[in-house]
């Protein structure tokens, strides 16, 4: 399934780019794909390597201190039901618990290294090394659901945008992520029983040969004859011809006079669609810039008037008067809970490890050595997925999909203003964050839609990114029903966000 989706993103993106004239240039699909490929390695994978080293080193200390074993035993009744194929005392169980706990606390990217470590341990139990096991699929589905107790990231963005009562989305987000998580688990368990998603005997790189008496695992494998290139079927020829014809049309529009493309866009009504989208984006950008300028002016005015009062100015750390309210108290409690979670974990781990005479420095370094290797393994998967998403988005295909789905969403009372968020959230974290900030900056939409957009952002994850990183870290090529489970959970999470947002804030 993933092969077809990945190819569709690129093919549709290139065909739409040919129609809209976005092959080349600063906003072209090629530039976007190359820039995103660079971002995948330089801004995602390499920084992730540093975090991986820190968290894997800390997990090594937790393992030596006995904390992982304690956590696994405490939660084993629940985890055993969710992951019956994983032994209770296996390191994978405790690693999964740590990852899920980090997601609940809203630790964001800090949860990723813990999840990658869990996938590594699950791969140790997997007899089919290139095919995702049932436990892997269930664990990844739960990660795409990302059950959260403290959605601090989205709360901070709401507060920065000046939305009142930002902490009112905590309970709605918990409810939405609970629905998403339950859906992810149910769908993953249900789909694994279907014949089309079952692991067939002999599928994957089974290590059974290494356990057969009389065989030498270290012996070089016999050279296999080169696989024959599959022949193109009649249906494949028709598909290939259609793609070439459509692409040729894009090339003609690219080489012909600009008036020809403009006449085609006018005839299809796409000119108005693109123009209205560009106007919305420009308006939102202008509103955001105006708000930022107002904040700067207000800060400068406060600094200018403070000495003139003749009173001693309060220190920067003083608590503002409005923070004495109930919402201010809740905010301090939530900020404090998120802020002390990691330091508390480090202190407890180091304290117990030292009390048990563990060589903390040597063990930390030993665990951290795995971090860079994991980061290099996920780079090709990240580049492949993010480059395809960049082509699809920059071509204008996402804009056209939004235009096509608008009438359908109007019939089911789904707010059209939130459609870009719903489409972008499973695809791109940075893209959906940009859409969220754009919605928060707009003055022409209702306040409850801003709350709903925040709930949508906090109740789902970037499914394609999670799938690429987690399975890429252990070289899984056959993902089975993982994508279907993740996208189904996203659909339920987005729908529940709209329902809960309308009930609580409309």
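Glycine is no exception: its Cβ is also placed from the backbone N, Cα and C atoms.
Remember, it's a predicted structure, so these values are computed and weren't measured experimentally.
Annotated in TrEMBL:
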- 46-154: domain 'Nucleoside transporter/FeoB GTPase Gate' (DOMAIN)
- 376-476: domain 'Nucleoside transporter/FeoB GTPase Gate' (DOMAIN)
- 205-228: region 'Disordered' (REGION)
- 41-58: transmembrane segment (TRANSMEM)
- 137-159: transmembrane segment (TRANSMEM)
- 165-188: transmembrane segment (TRANSMEM)
- 238-257: transmembrane segment (TRANSMEM)
- 340-358: transmembrane segment (TRANSMEM)
- 378-401: transmembrane segment (TRANSMEM)
- 448-471: transmembrane segment (TRANSMEM)
- 483-505: transmembrane segment (TRANSMEM)
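Long-range contacts of the transmembrane segment (137-159) within the same chain: residues 82-83, 96, 99-100, 103-106, 108, 115, 118-119, 122, 166-167, 169-170, 173-174, 177-178, 180-181, 183-185, 187-189, 192, 331, 334-335, 337-338, 433, 436-437, 440, 450-451, 454, 457-461, 463, 466-467, 470-471, 479-482, 485-486, 489-490, 493, each at least 6 residues beyond the stretch ends and with a Cβ under 8 Å from a Cβ of the stretch. Residue counts for the domain 'Nucleoside transporter/FeoB GTPase Gate' (46-154) under DSSP, split into helix (H, G, I), strand (E, B) and coil, are 82 helix, 1 strand, 26 coil.
Counted over residue pairs separated by six or more positions, the transmembrane segment (378-401) shares fewer than 3 Cβ pairs under 8 angstroms with the transmembrane segment (165-188), which leaves the two as not touching. Within its own chain, the transmembrane segment (41-58) has Cβ neighbours under 8 Å at 109-110, 112-114, 116-117, 345-346, 349, 363-372, 374-376, 378-379, 382-383, 386, counting only residues six or more beyond its boundaries. Using a Cβ-Cβ cut-off under 8 Å and counting only residues 6 or more beyond its ends in the same chain, the transmembrane segment (448-471) has close neighbours at 2, 112, 115-116, 119, 132, 136, 140, 143-146, 148, 151, 153-155, 157-158, 161, 163, 166, 168-169, 172-173, 176-177, 180, 378, 381-382, 384-386, 389, 415, 417-418, 421-422, 425-429, 432-433, 435-436, 439-440, 479, 482-483, 486-487, 489-490, 493-494, 496-498, 500-502, 504-506.
Most Cβ pairs within less than 8 Å of the transmembrane segment (483-505), among stretches 165-188, 238-257, 340-358, belong to 165-188. Packing against the transmembrane segment (165-188) from elsewhere in the chain are residues 82, 134, 137-138, 141-142, 144-151, 154-155, 158-159, 327, 330-331, 334, 451, 454-456, 458-460, 481-482, 484-486, 488-490, 492-493, 496-497, 500-501, 504-505: each is 6 or more residues past its ends and has a CB under 8 Å from a CB in it. Counted with DSSP, the domain 'Nucleoside transporter/FeoB GTPase Gate' (376-476) comes out as 79 helix, 0 strand, 22 coil.
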